[in-house]
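Record features, source TrEMBL:
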SIGNAL    B:1-21  signal peptide
TRANSMEM  B:121-143  transmembrane segment
TRANSMEM  B:150-168  transmembrane segment
TRANSMEM  B:174-191  transmembrane segment
TRANSMEM  B:198-220  transmembrane segment
TRANSMEM  B:240-261  transmembrane segment
TRANSMEM  B:282-307  transmembrane segment
TRANSMEM  B:327-350  transmembrane segment
TRANSMEM  B:362-381  transmembrane segment
TRANSMEM  B:431-452  transmembrane segment
TRANSMEM  B:472-491  transmembrane segment
TRANSMEM  B:503-525  transmembrane segment
Amino acid sequence: MFDDIHPMARKTEARGSAAAASGRHTPADVDGVAASSFLWSTTVLAPSTAVAVALFALLIRLLVSLGPYSGQGTPSMYGDYEAQRHWMEITLHTPTAEWYRNTAANNLSYWGLDYPPLTAYQSLAHAFLINASIPESLALSSSRGFESHKSKLAMRWTVLSSDLLVLFPAAIYFVSVYFRRNVGGDAKGRSSPWFLAMILLNPCLILIDHGHFQYNCISLGLTLGAIAAILSQKEITASILFCLAINHKQMSLYYAPAFFSHLLGKCFRRKNPIFEVLKLGLVVIGIFALVWWPYIHSVQSVMEVIHRLAPFERGVFEDYVANFWCSTSMLIKWKRIFTISTMRFICSIATILAFFPSFVQQIKSPSDLGFLYSLLNSSFSFYLFSYQVHEKSILLPLLPASLLALQEPTLFGWLINCSLLSMYPLVCRDKLSLQYGSVLALFALIFYAPHGKQHGRVDKSSTKRVALLTVGLICSAVLHLVYLGLEPPKRYPFLFEALIMSFCFSQFVIYTVYTNIKQWMLLDHSSLKMRVKKDS
Amino acid sequence: MAWLGFASLLLRCLEEQQGRGAAMEEAVWMWAVAACVKALLIPSYRSTDFEVHRHWLALTSSVPLRRWYSDTSAPCCTLDYPPLFAYFQRLLALPATSLGLHPSGLLHLSPSPPSSAPLPVLLYLRLSVIVTDLVFLLAAVRLARRRLPIARRSIVLVLLLWSPALLIVDHIHFQYNGYLLGILLLSLSFLEEGKDLAAGIAFSVLICSKHLFLIAAPLYFVYLLRHYCRGSLWKASGRFLIMGGVVGAVFVAAFGPFFYYGQIQQVLSRLFPFGRGLCHAYWAPNFWVFYIVIDKLLAVVLSKLGFDIPSPEASFTGGLVGNSSHFAVLPQVTPLITFVMVLLSMSPCLIKAFQKPQAKHLIRWVAYAFTCGFMFGWHVHEKASLHFTIPLAVISVDSLNDARHYFLLSIVSCYSMFPLLFEPQEYPIKVLLLTLYAIAMWIGFSSYFKLVVVPAEDKVHNPSTSDREETFIGKFGTIYLLGLLGVELWGQLLHPYIFGSSLPFLPLMMISIYCAIGMVCSWAWQLRQILQRT
């Protein structure tokens, strides 16, 4: 989309036009080769290009935020927007100790706080901001279901600013580290602006955060920062950031096996493994103590919070999710066969089994690229097999998938398509179809930008692969149309949802099996490289 | 030798052919990206123009043609565009019936506020703007494919297809400028390719769609007279007759039916409502801003000195002032005076076009003619600055000076449209659109015109060059843009802080005056270019 300023021109920006004024400028190269890279083909992320891509991503977020939010104008319970607004109200007007407790002011059955304390602090901070301009939107209990144009705007801005403050810097940091450390191997013909756009223009994240209304950008941004810190060998920073991410949304634990195994594997390769492990352990404990400070004084209040965070009394899945339990429940009625506690146990075992291979690989030979694959595999194992997953959790595997966009471009594009499809029922409920279509189209356009990506890779794709993709695309298009246009049969009112979910599930499974194999195939030469580096 | 020449010719043909396909592909990609942004803009704010256009759809599809210009069922939204635009609206209304949009009220004559338009109506009208933009895309490709090397072509396409001013006016505020400017660019591309007859047809279609484009008619007349109707007297008059016949046919097709029904008087009175004042409610940043300001200042100063100055009864900022726009000190301005001034100011390009009718200078002349109309015209809207910024985008890569001029002009022109969107929801959108465009221009221009480094020893020997350290936009440009930022900050932050809600017109006035300074400079620069280079 945007060119990197030619290095020469950049040098002269400050004093260039002195020469220009004296008429020594010429329209560049007649053959148009150098300047025809109006675009992407550069591995150096120039400030102007980074700013352009980031501002474009911000613009798209702003435009999506013009649309409706979840539960707009649907009284009694509303939706996630009301939940976030309610948390601001509660954190603003009740003492910290009572945030997770059922009291007269804080009725936990009405959108009780069910995220860790950092989310609560973030709600409080935003509550201060909104309270300064629209206090009636946060008045205790009387403001339930408060909706106005102005308060929507203010709430939207809290998400936008969090995104801008957390995810954007993390993404830029990651992309620059990625190319500096040469994580993806041979950097020739790769485009850093394109890569940054792939991370920032993730349509699912934009729709959920700025359409549906959530703050995933914060926990994902913190995780991304942690990943970048690990890639640049700053393990303590990484631990701090990742602990903060966990304390913002407990779902960040999906990544925990990858972080744990990678750091452990690295520590084992040092002179004092036990000291290194202890150091990181202390950092983790310290951060947790700091965040949980108001609650760690009594066991009871800690248990109260934990109880809110892990609502095991709820079912194995809610609504329709493209995971193993939901997709197979058409054939096997899990909920009827097993009690909740057995189900919990089965889920845990299945999840552990699923992430075990990638876990072992990272302990055995931790590497940068392997770490990215391991993040993807462990988050997918949680998404597919753990207890109580909802459709928005697909955002977690999507983050590492987008970080691997230069490794697996075609698969990443396909994964985005399937994830969007798996969220389609949710999007329809939120009346965000217009935004859905536009963001999907925009992503596809940027993905296939005329000069973006690596030129070679696209050509290499064999006819077999193209045929497979076409079949997949037709399937997904048909499912979209069927869901939009047809009435489901009366006996099975959720038939189409189930169809969509099983289709997406099959794709996800294929994808993650493939990436697990990929991760194991990395084993040999990358671990060798590590050793050489360590010795020198 | 002959073989070599033939081979090079063949190569060039091949290159051009390849270039065309690639240009189309690139342009479609850019248009599609823009279309995604436009689709996301569908729920955004829309002005009363939205209701006006909806009403025209209803009017043209439910009222017989002879009453189109005399219908007064909705006084807010009477038809005041020429007939071809009315036919265009009639065409746009056609698919609505088959889509079953009748219950949604799309084609109801009774007006309703644009903010409460039901979703089908909103989608239909917004999508109609996006789809008719294809004319603009087609014209942009035609113009850009002749501009090689590839980098130059890409820059032209970006500048045209991602114009923030066009996005603001068409896809937020709501109008069909993309379609109309598309016709203008089509006619320009025909002229560049030497297809004068097609250009004449396109331009007369344009005039019969929106008569504001009449300003360029003298230039077109002179140019076509000298360029198309050349040769011996016999051949020239033959060609003159052909051109006249074709243009006349377009006009007959447009106005004929109304002539037949005896409505022509009514049509003309709707098209030229001179009852309106010299300036629009929000002053377009042109010459008359200074005239008004000087008049006000003189009035204040003179009354302080003891002269008896009659205070004007209507404030210029108060909205439509009708014919009562009295100046306190300076002579009154009538439509005739503005007309003469426009003609006089554009006479240099008319003379140049008469002396040497060359296609390569044409876009510059046309842009200049529209600039004159904008600077000195009667009741000019700020949106009219699109008429010359869009054509100037095409030639902005011709030289570094052109690029510099376009960089500043497009920012000023887009900024002067900011007051169109006054709701807080769209504020960050318009700012981001302009900023992104400015960055894209910056990156594109500075990579295209690789500015040559001054060798270090040069600077030592010649300290005067180091004093003249300039960036791409130059010292004046930097200061001017910083001032623009200052005006915006004043209007957004300091003014509400200091004055509260009193003097609401002051920030708008400042924007007008400040942008008018830039516009006058641009006009003068264009005039100098025309005198020196063409």
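Cβ atoms here come from the backbone N, Cα and C positions, even for glycine.
Contacts between the transmembrane segment (B:121-143) and the transmembrane segment (B:327-350): absent, as fewer than 3 C-beta pairs lie under 8 angstroms at sequence separation of six or more. With a threshold of 8 Å between CB atoms, the same-chain residues lying at least 6 positions outside the transmembrane segment (B:174-191) that come near it are 46-47, 49-50, 53, 85, 88, 114, 125-126, 129, 132-140, 142-143, 146, 160, 166, 198-200, 202-203, 205-206, 209-210, 213, 223, 359, 362-363, 366, 383, 386-387, 390-391, 394. Within its own chain, the transmembrane segment (B:503-525) has Cβ neighbours under 8 Å at 282-287, 289-290, 293, 315, 317, 371-372, 374-375, 385, 405, 408-409, 412-413, 415-416, 418-419, 480, 483-484, 487, 490-491, 495, counting only residues six or more beyond its boundaries. For the transmembrane segment (B:362-381), the most Cβ-contacting stretch among B:198-220, B:327-350, B:431-452 is B:327-350 (pairs under 8 Å). Within the chain carrying the transmembrane segment (B:431-452), a Cβ under 8 angstroms from the stretch's Cβ atoms is held by residues 151-152, 154-155, 158-159, 162-164, 167-168, 396-397, 400, 403-404, 406-407, 410-411, 414-415, 472, all 6 or more beyond its ends.
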